[in-house]
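Annotated in TrEMBL:
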- 27-693: domain 'Myosin motor' (DOMAIN)
- GLY120, GLU121, SER122, GLY123, ALA124, GLY125, LYS126, THR127: ATP binding site (BINDING)
- 570-592: region 'Actin-binding' (REGION)
- 847-1021: domain 'TH1' (DOMAIN)
Amino acid sequence: SYLPIVVASDGVRAMMESALTARDRVGVQDFVLLENFTSEAAFIENLRKRFKENLIYTYIGSVLVSVNPYKDLEIYTKNHMERYRGVNFYEVSPHIYAVADNSYRSMRTERKDQCILISGESGAGKTEASKKILQYYAFTCPASEQVQTIKDRLLQSNPVLEAFGNAKTLRNDNSSRFGKYMDIQFDFKGAPVGGHIINYLLEKSRVVHQNHGERNFHIFYQLIEGGEEDLLRALGLERNPQQYQYLVKGNCPKVSSINDRSDWKMVRKALTVIGFNEDEVEELLNIIASVLHLGNVQYGGEEGNVCITSDTQIKYLARLLGVNGAVLTEALTHKKIIAKGEELMSPLNLEQASSARDALSKAVYGRTFTWLVNKINASLTYTDDSHKNYSVIGLLDIYGFEVFQHNSFEQFCINYCNEKLQQLFIELTLKSEQEEYEAEGITWEPEKFKGIISILDEECLRPGDASDLTFLEKLEDTVGGHAHFVTHKLADAKTRKVMGRDEFRLLHYAGEVNYNVNGFLDKNNDLLFRNLKEVMCMSENKILNQCFDREELSDKKRPETAATQFKASLAKLMEILMSKEPSYIRCIKPNDSKQAGRFDEVLIRHQVKYLGLMENLRVRRAGFAYRRRYEVFLQRYKSLCPDTWPNWQGKLADGVATLVKHLGYKPEEYKLGRSKIFIRFPKTLFATEEALETRKHSLATKLQAGWRGYSQKSKYQKLRTSAIAIQAWWRGILARRRAQRRRQAADTIRRFIKGFIYRHRERCPENEYFLDYVRYSFLMKLHRNLPKNVLDKSWPTPPAALAEASEHLRKLCMQNMVWSYCKKISPEWKHQMEQKMIASELFKDKKDNYPQSVPKLFVSTRLNGEDINPKVVQALGSEKMKYAVPVTKYDRKGYKARPRQLLLTANSAVIIEETKLKQRIDYGALKGISVSSLSDGLFVLHVSSDDNKQKGDVVLQSDHVIETLTKIAICSDKINSININQGSITFTVGQGKEGIIDFTPGSELLVAKAKNGHLSVVSLLNLPHSQSDGFSKLKAEM
């Protein structure tokens, strides 16, 4: 939808356009658009609908009506503040932030001071409304470090003033018992730079007396409940409000909705922010405590000779107030009379003494409150002299209209104030309407409304007779004929039944109120005995010293009465308000029980009546309900007429005239001014809005189609442009890469060829690349073709330049493989290899059947345990057998073959025949071992002829000759004593005789005695056999 454009200089608010289409959802958001605007029932029903939906704000033109929800609503967050910040008054739903922002923008654009008047009866939410406005300005206005300090002080002044000036009443738990007008000062940038507060008529009588169900000012309870133990002890106070006479009159020390302890912390923090130092806080609290102690001062004695019976209270008072105790005691029991120039001390009776005590309490508290306001003003003072001209937004939060069961002087002044404000409200509202119609050249139809106010300031003057009843009689004589005034004497019989003889009744704009005259004169005079003033002037408390000026003692002029002072201050307030552009917030209390969600129609109707809301609505609707500048109206509704859509090129007035003619407006429904159109009836506007809603759908379809086409085309163009850019970029990268690779390849080939040409020269720049490449190629080839094991002797052929390095590498490689291989073998395999190495040293290339033995593992024995007779084992005794093998022994004389067993021990070789040890040959007697080079298994053990135990050399045959001889050589340590003979072996037979063994190769193994007496051994021909194959098989077996 179109958003309306509002020119601030119009000075008049227009309707919120976006709300018009939603008028049937929750009533209307502006009562001006209420069709039956003269019906009070329709007015209240609209309020009720919105209240039930937690929509507590509604407009009457420029007036905001606020209904207290009595609960927290989530409509005051920072997000909400941002939503209303700088937004046109009518673009968002009614809210107190909208009023605050509109006043702020008007002040900035028009450079005219503003004021926001908040009114309503006690409990309607005026104080909360003023706090929300301050919070809004603190959040949304521009800030610097100095400005932030002012913002904080503006916000923190609220809890301080509420603590000292607010109290719980029957109508409101946080009722303002004083009037407050605050000026917020803004510099040319729109930042809050200062402030000033004016207070009006503090209800001092509450200090000494409260009605049942009410409380004294909050600060007393906060101090008692929240004060630290040391602080209370220093002030002489107890943590029990029931101990103090000034706090028990209302019989309501605690309230469920008030947390005095947390409020106390808030007040202490606020005092610090405002700028109170510790000494000032201490003296301020001394005064508050002294008021409580004054209330507990008790009198006794005979009539005419009153004395104080509570000395403890006097001691506390003397210390807290900084005065002499004896002087204070005398001042509380006597009064000073000046007769014929002489000062006389006249004793007081009991009633007079109590009144003097209460008067002192009220004076001390009242003047301290005024000092507190002045102190806050000093902290808010705008100190920058470079910009003395500043703009102001005034905020009036003053007591609402009050009607209690017993109404006295305070209620009379409060209601008088509300009469003046109501009169101001009506006058300003009527004036602004008339001015706008005259400016636009529209005829004004005057609204006839009742005048309600009758000024009563002269009735509050003190009469000649000093009694309240004579004052009442004077009233009857002077204003008895007034239609709005009646007393018991002047009333009819029916009225007399509900009126006391000491009462008079005034008919206010808000209804009738009965006032009891008792105490009117005393409260109006507000006198304090001279000697009490003198005592206070001598106080050492710096605050009291400022509150009680010594010049008062020398001033012979009678002080003005409270009513006169209040009347004069109200007159000044009216002048202030009249000089500013006003905005209004009218607060309504939905029920008397402070319950959320309860809508008391009777109570609300009464408030609507006395707040003059119906009169205000009739004033607004006496002319035209809706008004809008031509450009705004045309901009919003131009789509409803073909002649004005999409743009009107002529004069704005002609365009609007063409538009309303097409829409079928009747002459009595509208008027055209100089710059605005005025529409009389809401139904006309609603019909136009409905037509616009219908038109919006077709316009939306066209706009959507056009936008989607444009959007998709734009999207396609962007994608196409992006794709082309990416493709070009990528193609460039690929081309540059290809060119770079070609350049690198050409450089490499060129360098390679040149290096090949110069390859035989010393290393130089021309051949260094080629030589490095050759080296690199060899090393990479070597890396890929290293030998796989220690038996692999392959090795790539190195280039000439690397021959020496290649040999070093080959050795290192072999050493590394050997080391790796050795690291992996077990102790058993190591022992096996050691034996094989010995066998290799002994028989390799020397004996024909050695190759067949290589792949066969050597074993520790060739005989099992059962093969050796136990008797043999027993005969061996402790000798450990290292090897055993079956052998064939050939006799030395006939060469007869006999089966035997050969056992090797640590010291000897033993030949066994079944159970007998046939021969033991000590290793020391073993001279050598002979074996043929053929493939037979015969071998001869040569023994020493000196050994008488031996008969001669021993001829043996073993199927495992290589293994057996290796074992014998190892055990006897005769490795170098093994002889491998070619053709024959000579051995000793005995007694100096020798025998010969002849070895010849043949087709089969044959051992026999030859004709020549030799032992003939025919060995099998040995087939060629690769020893490397044997080692491979051996390794495989392992």
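Glycine is treated like the rest: Cβ placed from N, Cα and C.
Where TrEMBL records a feature, it is marked here on the structure.
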residue	record	Cβ within 10 Å
GLY120	ATP binding site	25
GLU121	ATP binding site	24
SER122	ATP binding site	23
GLY123	ATP binding site	24
ALA124	ATP binding site	25
GLY125	ATP binding site	26
LYS126	ATP binding site	27
THR127	ATP binding site	24
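Note on the region 'Actin-binding' (570-592): residues 11, 47, 51, 62-70, 96, 99, 102-103, 106, 110, 112-126, 129, 171, 181, 198, 200, 392, 394, 396, 400, 416-417, 420, 424-425, 428-429, 598-600, 603-604, 607-608, 611, 613 of its chain, located 6 or more positions outside it, place their CB under 8 angstroms from a CB of the stretch. Here the domain 'Myosin motor' (27-693) returns a mean pLDDT of 82 for the predicted model. Highlighted in sequence order, ASN68, ASN172, SER175, GLY400, CYS587, LYS589 have their Cβ within 8 Å of the centre of the Cβ atoms of GLY120, GLU121, SER122, GLY123, ALA124, GLY125, LYS126, THR127, the residues recorded for ATP, and are not part of that set.
Look at the region 'Actin-binding' (570-592): DSSP puts its residues at 9 helix, 8 strand, 6 coil.
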